[in-house]
Every structure is written in structure tokens, then in C-alpha cells.
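S.K.: Let me give you the structure first, and then I'll get to my questions.
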Amino acid sequence: MNRDEQNKAPISKQTLNRMPAYLLYLKNLDLQERQSISASAIASDLNLNEIQVRKDLAAVSSSGGKPRKGFDIHMLIEDIKAYLGYDDVNNAVIAGAGKLGQALLCYDGFSEYGLNILAAFDSDPAVIHQSVNAKMVYPIEKMPEICHLLNIQIGIITVPAAYAQLVCDQFVKSGIRAIWNFAPVLLNVPQDILVQNENMAVSLAILSKHLSVKLKKND
Ligand SMILES: NC(=O)c1ccc[n+]([C@@H]2O[C@H](COP(=O)([O-])OP(=O)(O)OC[C@H]3O[C@@H](n4cnc5c(N)ncnc54)[C@H](O)[C@@H]3O)[C@@H](O)[C@H]2O)c1
């Protein structure tokens, strides 16, 4: 099956959302030590249901697992990358899985605009390793590794204002090309990085200004 055919194959949202965790896990295996791995070993190491893992990997694997040997690790990594759309410029991650970050993670409507939020990062142990709408929240320290691994181009900032520049710098170091910033801060970025600031307060101020002008006219 070529990459285009693979991308057309139906795959559930939950399966897609588990792929970054599989990819991270497989990339950290020592390929000198072993070249293949079984679905049951992956399920046990990631604390997932074995049947679920088998189904997930069957949906993406171009070769399928061999009965005794399992999956060729290198091929499986390439298959998962292809499924995640490694060259897709619209793959994004979130920094700050708090109230706003979680709301964005839970909103499925972005996919209609081609934006795929694949994972999130946070510094709070209470949310790290939790999944939100089946998307994993990773420790912020993992950002460079995961962004490079998934070839992420867009970083979404939903941390408190005081940490926004720090997180922005971490995104830039992680190879991000564009930033969607929800924190009320003007970010310093290298010239080639695009920043889109989002501020609901500004929209509300415009709305209230229009309303006051309209009401004055009606007086
Ligand atoms: N643009 C808008 O219209 C709009 C609307 C609401 C909130 N906001 C902004 O969004 C941001 C988040 O708001 P919230 O209400 O979700 O806050 P929150 O406190 O619920 O969430 C912030 C999250 O960021 C995490 N965090 C803090 N420092 C971090 C760091 N260095 N690295 C990684 N994670 C870190 C926290 O652990 C927390 O989970 C704020 O800057 C807020 O001003 C913007």
C-alpha cells in the first residue's frame, strides 16, 4: 500500500490520537538490540489493551505483523509517520493544558480547517501523562523530542502570560515555524517565525464599542 492509499484508509480518531505515543515509544527502542516487536509487548509497556494495540497497528502497518516476530520496528515507524502526515504543515501541538488548552484539545472542529492538534505539553504533574480527548499531555521537557519526531510546524500557546515567552523560545528551539498565541503577551521571535495573536478581550472591546456607537445613534 502506498502512502496515498494509506492516508485514504479509514482510521478512528482514537486510533489516530494514540499514534504519537506509539511513535515516541518505538523511536526510543534500541534498534541494535532488536529489529521487531510484538503488539503484546507494546501493549504491556504502554499499559494499553492488547486487542486495541493490534487493531491500531493493523490500521497503519503496510506490512502487517508477522505471527511470531511481530512488527518490523523501522517499517512501523515509517508507517506511523506516513499516517500522521509527517509532511503535513497543519500538525500542531499545545503548550499549556489548562482550562483553555483543554478546551482547544476537546474541540474537534479544527480538523475541518485542516488543523490537527496531535498532543499537548504542560509542567504540572497533575495533568502530565493524562489524555484529553484522547490526546496525550507530555512533560514540557519532551517538547523538542516530540516536535522533531512528529515534524510539528505549529505551536499553540495557552500558558499564563508570565511563561509565554519561555514556552515560545522552547517552540522555536523545537523547530516550530508558526505560533498561535493565546497569551496576552507580545512575543519576541526570529524573523522567519509567524505569530498569530488571539485575544478575545480585543474582540469583545470592538463589539462593545460598536454597540455603544449604535445605542448613541438610537438615542
Ligand atoms: N486569547 C484569549 O482570548 C484568551 C482567553 C482565555 C485565556 N487566555 C490566556 O490563555 C492562557 C491560559 O489560560 P487558562 O485559563 O487556560 O490558564 P490555566 O491556568 O488554566 O492553564 C495554564 C496551563 O499552563 C501550564 N503551564 C504553566 N507554565 C508552564 C510552562 N512553563 N510550561 C508548560 N506549561 C505551563 C499550567 O500548568 C496550566 O496547566 C493565559 O495566558 C490566558 O491569559 C486567552
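Cβ coordinates come from backbone N, Cα and C, glycine included.
Annotations in TrEMBL come from automatic prediction, not curation.
Quantities reported herein were computed from a predicted structural model and do not represent experimental measurements.
Below, the features straight out of TrEMBL:
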DNA_BIND  21-60  DNA-binding region
DOMAIN    86-186  domain 'CoA-binding'
BINDING   G96, A97, G98, K99, L100, G101  NAD(+) binding site
S.K.: Other than G96, A97, G98, K99, L100, G101, which residues of the same chain sit close to NAD(+)? List them in sequence order, counting a residue when its Cβ is within 8 Å of the Cβ centroid of the site.
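M.R.: After dropping the recorded site residues, what remains is I94, Q102, A103, L104, D122, T158, V159.
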S.K.: Of all the binding-site residues given, A97, L100, which has the fewest Cβ neighbours within 10 Å once its own Cβ is left out?
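M.R.: Per-residue Cβ counts within 10 Å for the binding-site residues A97, L100 bottom out at L100.
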S.K.: What average pLDDT does the predicted model assign to the DNA-binding region (21-60)?
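M.R.: Within the DNA-binding region (21-60), the model's average pLDDT equals 91.
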S.K.: Kindly assign K99 (NAD(+) binding site) to one of the three DSSP-derived states: helix, strand or coil.
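M.R.: SS state of K99 (NAD(+) binding site) = helix.
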S.K.: Considering the binding-site residues G96, G98, G101, which residue's Cβ sits among the greatest number of other Cβ atoms within 10 Å?
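M.R.: Selected residue: G96.
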S.K.: What is the three-state DSSP composition of the DNA-binding region (21-60), stated as helix, strand and coil residue counts?
M.R.: 26 helix, 2 strand, 12 coil
S.K.: Including all protein chains shown, what's the count of other C-beta atoms within 10 A of the C-beta of K99 (NAD(+) binding site)?
M.R.: 8
